[in-house]
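Enquirer: Dropping a structure here in structure tokens format, bear with me for questions.
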Amino acid sequence: NTVQEYTITPENQYFSVSYGSGTNDDKYLELVLEKSLDREQEAEMGFRVIAVDGGSPPKSGEIEISIIVLDVNDNAPIFTQDRYIGKVLENMPEGSVVLTVQATDKDEGINGDVSYQLSQVVGQSDSEFVIDHKTGEIKLTKPLDFEVAEHHEFRVRATDGGGLSAICKVLVEVVDVNDNAPELVVSSFSSPLPENTVPGTVVALFTVRDRDSGANGKISCALEDQLFFSLRPAYKNYYELVTVSALDREETPQYVLRVTAADAGSPPLTSTHTFSVDISDVNDNAPVFNQTSYTMYVRENNVGTVFVGAVSAADADVGLNAKVSYSLAAEQGPERARCSCISVNSENGHVFVLRPLDYEHLRQSEVTVSASDAGSPPLRANVTVRLVVLDENDNAPLVLYPAQESSPAWSELVPVSAEAGYLISKVVAVDADSGQNSWLSYHLLRATDPGLFSVGLQSGEVRLRRPVTERDSVKQKLLVLVRDNGQPPLSATAALSALLLKDFSDVRLPHASPATEDQDASLTTYLILALVFVSLLFLASTAVLLARKVCRRKELKAGHVLYAADTLQSGLAHAAAAGTLPRPYCYEISLTTGSGNSEFRFLKPILPSLPPQHCAVGQGPDEEQEFPAVPVSAEDMAPDNAGTLSAGQFNGF
């Protein structure tokens, strides 16, 4: 009736039951694994173990067995692809995802956790890629450059937690982007170019290239200005820059040429290269004067080596070809011999007059100045310089008539009956100068009787100013001053004499000697000095008298009062008694204007006679007393009892 056997229901190939008794009659029951388990195929299984006794009928008992298969790292990771291929634009920024690799592990837990690592990139020591250890995303660490590498190949390792790993290959293809402008590389370049370069001369040889591919690498070239230069294809991507027309440095000393290369990308990229072509000078321009002719002026009597002006010529060339030197050109023919008085500085073109000139001998002169450059061969130009001599007032007037050298001097005959304006003579003079310096004016400088004669300012005619009188001297001497209009003016004198005659029957008169004439001149001088002295004395006396009269009027206004009619006699009596009146009478004096001598008329006294004692002067005979003016009536002005006193008598009185 004890347990006779054990069975597993349902049966499986993995487990069996082993049972028996031990040495101590101990019963045991074991579940035996008959075949290796595979968790990836069946992670859990369940069955029943049934125990059956040997009774009749047999009885049984059972137990549920649940088997959980624990994972063992017996599976390596497996990639979904053996080779991953990805494409990326070369201008993708850093951090962009290129592609994602994926590997699976049938294990679970840590054994099924897969991590990814990059193996070294083929041919690269510094990878441009990085992979996410968890997700397997491959990202860029820096932008790729198609021109550096068109594709990148590397390996990715997937490792589980148990240390099993798998490897796959990754190929990244870089897609070209039009990110490179064309490049222009100059092989040869000629600068400067002579301005006489013939058309078709090669100036530069260059090649163009583009690191991009396809349409992005196709290049075309163009020249902006093709008036004097053009581009000519040479070989493949080589071009020549050549001249197409004549060059002129004076018009354009430098040409700046811009060659533009453009690719066929979208959008197209361009690059520009600048050629600066300098044009070297050729002596193809003669000097040019800044004037067609020159006129210079110098005053006569100039000092030696005086600067009178400068000529100036410019040369459009440069360097030695533009260095201008000046010289006097040789005149053609003997009639145009070069003037020896003119010199020109070879460096700066200054013109000098070497010696003093005389306007009266040389009024103008012309020379030819040549300007030559230092080119090879030299070019030259000529210009005419006209030197004009300006007049200076260096010649005094010359009296032609009357002749001053004649001895005895000629005398003009003048009838005493001649009226005012009668033409006596005419002074004729000339001046060797010109212009204003030769304009002459005539002035009467001295005459025996200056009021008798007049001289025409411009004509020099000597005429009578008034009719001749008996008091006029028979022989009249005149000195006429002839003066020019220069600065300062120069002058000359003309002496002539005139005889005042009633008739012309006998005109032979004795001529005065020079000694007598000098004595007459001295006597005239003394008389003039005496007249001036007397005039000054008279003016001084008049001024003193006027000052004294003004002082008296001021005193009268200050305190004196005229006497009234009723108090006149008493006032005079008191005045006479006091001795303030020099005489007891008052007189009215009147002067006649018709006669040559002054007359003084004494009228009757208008005051009564005073006693003789009233005539005494109280202050002494030498002292004067002021007496106020007394009004006089018309009756007192009657001319009866009047007497006439001559000027001499009045002075005596």
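Placement of Cβ uses the backbone N, Cα and C atoms for every residue, glycine included.
Quick paste of what TrEMBL says about this protein:
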- 6-79: domain 'Cadherin' (DOMAIN)
- 80-184: domain 'Cadherin' (DOMAIN)
- 185-289: domain 'Cadherin' (DOMAIN)
- 290-399: domain 'Cadherin' (DOMAIN)
- 406-516: domain 'Cadherin' (DOMAIN)
- 526-547: transmembrane segment (TRANSMEM)
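A description of the local structural setting of each listed feature is requested, covering burial, neighbours and distances.
Expert: Helix first, then strand, then coil: DSSP counts for the domain 'Cadherin' (185-289) stand at 4 helix, 54 strand, 47 coil.
Averaged across the domain 'Cadherin' (290-399), pLDDT for the predicted model comes to 88.
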Enquirer: So, taking each listed stretch (6-79, 80-184, 185-289, 290-399) in turn and counting its Cβ pairs to the domain 'Cadherin' (406-516) that are under 8 angstroms, which one gives the highest count?
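Expert: Answer is 290-399, with the largest number of Cβ pairs below 8 Å.
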